[in-house]
Amino acid sequence: MSNLSIFFVFCFFATLSYAIELDFCVGDPSLPRGPQGYACKDPTKVTIDDFVYTGFRGEKTPNNVFGNNVTLAFSDVFPAFNGLGISMARLDFAVGGVIPVHSHRTSEVLILVKGSIIAGFIDTNNTAYYKRLEVGDVMVFPQAMLHFQINVGKTPATAYVSLNGANPALQLTPTALFAGNLPADIAQKITLVSRSEVMRMKRIFGTA
């Protein structure tokens, strides 16, 4: 066996032994986050409450220009997810509300529990895959694909999503282009929209 092969086998078993050394690793958000997540909370201080997240309870009122309310359960707010490679979110839509085009570092699975939405993603060949979903339907969004959801029903809608990463990140395309510090002239050139439209979008996000 070559030295390189021995090295990779060693790394594999070293990683495996670390993974099975602990039953869990509830994160400690008071400490800096590293590439693999947070450092583990002292096991003697872990309680059942560390494994229960109550942030999805109750009614959620859509509260932004997109007509949605997104409640995230990532490892920074639900530290029990730390090291498990999973996270969740609750999506609430007003009538006509949308989750605009966005992406994550991870794949996503969605289940609709109220209302009716159109959900879809766009692959790297610019082919759009979308469908109207009804209560109980489940849809998968492959890793890093641009995707979106639109409430097309006559009532508010709610969905839950799970992602295969404890900190999958969320990048909304409209806010990335118009809500940050990207100059209007650059935004105009890379989107091919008029400067007046760019400025209108920036005014919506308060960055004009």
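Cβ atoms are placed via backbone N, Cα and C, with glycine included.
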Among Cys11, Cys25, which cysteine is annotated in TrEMBL as forming a disulphide with Cys40?
Cys25
Determine, to the nearest whole angstrom, how far the Cα atom of His104 (Mn(2+) binding site) is from the Cα atom of Cys25 (disulfide bond).
23
Could you state the whole-number distance in Å separating the C-alpha atoms of Cys40 (disulfide bond) and Glu108 (Mn(2+) binding site)?
26
For the Mn(2+) site (His102, His104, Glu108, His147), what does the 8 A shell look like? I mean other same-chain residues with CB within 8 A of the CB centroid.
Ser103, Phe121, Phe141, Met145, Leu146, Leu163, Leu170
What count of other C-beta atoms do you get within 10 angstroms of the C-beta of Glu108 (Mn(2+) binding site), across all chains shown?
22
